[in-house]
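*Asks:* Just passing along the structure, written as structure tokens.
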Amino acid sequence: MSRAVVEGRLLGSGAAARVVVDGGRVASVESIDDAEGLPWIAPGLVDLQVNGYAGIDFNTTPLATDDVKKAVRLLLSQGVTTVFPTVITNGDEAIEASMRSIAAACREDALTGSCVGGIHLEGPFLSPVDGSRGAHEAAYVRAPDWDAYLRWQEAAEGRIRILTMSPEWDGAADFISRVARTGTIVSIGHTAATPEQIREAVQAGARMSTHLGNAAQLMLPRHPNYIWEQLAADELTACVIPDGFHLPDSVLKVFLRAKAGRIALVSDAVYLSGLAPGAYRTHIGGDVVLTPEGRLHLASNPKLLAGSAQMLVEGVGRLAERGLCTLDEAWALASAAPAEASGLEGGVGTLSPGSPADLVLFRLDGARVRIEEVYKNGTSRFRQNGIGSSGSA
């Protein structure tokens with residue numbers, strides 16, 4: 001790998017700096033004289049939940065390995081340098097096939113392999129209850145099955161890093177314990193579990209909450225309920241969708257305060273993200289509608305969302321624009337926080353000597369982040385209109 005030099009303002013301090021890259025990692029961060037026109041520099045974003053992007057769906061059957069590689073490259077243009085392709089509720093063979101395709105893409109292509117932090121399996125061990133099940137197909141929802149999980153993990157070549165499931169099933173705590181011992185992170189989601197079942201899941205090793213506050217019944221008791229119980233569990237990192245549609249600002253504000261140090265942003269983007277508004281038919285939820293405002297909902301019930309059509313970087317900008325946190329705080333929630341929650345090591349999601357040289361150079365248009373250049377492991381992988389600030393030495 002070549003040696004590179006990137007100059008800009010460090011997000012957070014605002015200090016002008018030169019980032020020296022060697023061997024795919026940050027060798028040093030040096031102060032330089034201030035200069036007009038420097039872009040901002042921040043670590044690459046880490047998205048733990050991406051169903052697809054720009055017309056490519058990780059849940060298409062069959063899923064072409066070339067599509068996986070293409071999606072990873074397109075996501076780099078959105079500042080996502082580490083992605084968790086998300087495979088959702090489906091038949092056993094379809095899930096296995098998706099796992100094989102993603103694993104093959106990682107094996108065949110070095111860039112894809114370096115960008116994929118792991119696979120997120122969301123389902124099929126979810127709640128069958130309407131509302132909690134969300135847009136997942138009821139016909140494929142099932143009780144936890146250890147043998148099925150092992151088959152899918154084998155097909156994924158060990159890359160399943162996150163499993164979203166509901167602990168309301170009989171024997172769920174034992175299943176969670178077994179999965180957690182393999183190193184896969186169990187995340188509670190799409191659940192109608194009792195508070196007691198939530199607590200048992202945490203004791204068994206569950207460590208995350210998938211899009212907390214969503215995929216829930218429209219009517220819940222004031223208390224107790226499964227949202228409060230997850231919010232109160234210090235062991236759980238709450239993953240939330242900051243697009244402005246999944247959670248109102250008041251809820252996001254409370255979550256940010258209550259889960260300080262244990263919260264991460266995710267996009268939950270589906271393949272419609274980046275496409276024009278309109279009516280579409282998808283694997284998850286069937287007929288859906290993407291509004292001009294970017295809200296994605298079930299055609300049969302506009303109250304129920306069917307994933308997100310916005311990228312993580314948009315959510316980061318939105319949190320800052322709404323005054324829920326500063327831009328550098330929001331960025332950390334989409335980089336360092338998800339990297340830590342998913343167990344990624346080696347400084348992923350940070351910008352400091354020794355960390356991977358996954359860098360995003362951008363400018364601000366009001367609160368909107370406009371990405372100019374993206375580096376993965378010290379190599380420039382995206383440059384907007386040829387604009388960037390880099391050199392080699």
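Any Cβ shown, glycine's included, is placed from N, Cα and C.
When I checked TrEMBL for this same protein, it listed these features:
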- Asp268: active site, proton donor/acceptor (ACT_SITE)
- Glu122, His190, His211: Zn(2+) binding site (BINDING)
- Ala135, Asn214, Ala215, Arg222, His246, Leu305, Ala306, Gly307: substrate binding site (BINDING)
- 41-364: domain 'Amidohydrolase-related' (DOMAIN)
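Show me how these features fit into the shown structure, please.
*Replies:* Counting every protein chain shown, 30 other Cβ atoms lie within 10 Å of the Cβ of Asp268 (active site, proton donor/acceptor).
In three-state terms derived from DSSP, His211 (Zn(2+) binding site) belongs to neither a helical nor a strand segment and is classed as coil. Contacts of His211 (Zn(2+) binding site) defined by a Cβ separation under 8 A and a same-chain sequence distance of 6+ are given as Gln49, Gly189, Cys239, Val240, Ile241, His246, Val266, Asp268, in order along the sequence.
Per-residue confidence over the domain 'Amidohydrolase-related' (41-364) averages 96 (mean pLDDT, predicted model).
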*Asks:* How big is the gap, in Å, between the Cα of Arg222 (substrate binding site) and that of Glu122 (Zn(2+) binding site), rounded to a whole number?
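*Replies:* Between the alpha carbons of Arg222 (substrate binding site) and Glu122 (Zn(2+) binding site) there are 27 Å.
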*Asks:* How many Å separate the two farthest-apart Cα atoms among the substrate-binding residues Ala135, Asn214, Ala215, Arg222, His246, Leu305, Ala306, Gly307?
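*Replies:* With Ala135, Asn214, Ala215, Arg222, His246, Leu305, Ala306, Gly307 as the binding residues for substrate, the largest Cα distance is 25 Å.
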*Asks:* Across all the protein chains here, work out how many other Cβ atoms are within 10 Å of the Cβ of Glu122 (Zn(2+) binding site).
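*Replies:* A 10 Å sphere around the Cβ of Glu122 (Zn(2+) binding site) contains 28 other Cβ atoms.
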*Asks:* Could you tally the C-beta atoms, other than its own, that fall within 10 angstroms of the C-beta of Ala215 (substrate binding site)?
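*Replies:* Other Cβ atoms within 10 Å of Ala215 (substrate binding site): 26.
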*Asks:* Write down the Cα-Cα distance for Glu122 (Zn(2+) binding site) and Leu305 (substrate binding site), rounded and given in Å.
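*Replies:* That comes out at 16 Å between the alpha carbons.
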*Asks:* Around the Zn(2+) site formed by Glu122, His190, His211, list the extra residues of the same chain whose Cβ is within 8 Å of the site's Cβ centroid.
*Replies:* Gln49, Gly123, Leu126, Gly134, His136, Thr164, Ser187, Gly189, Thr210, Asn214, Ala215, Asp268
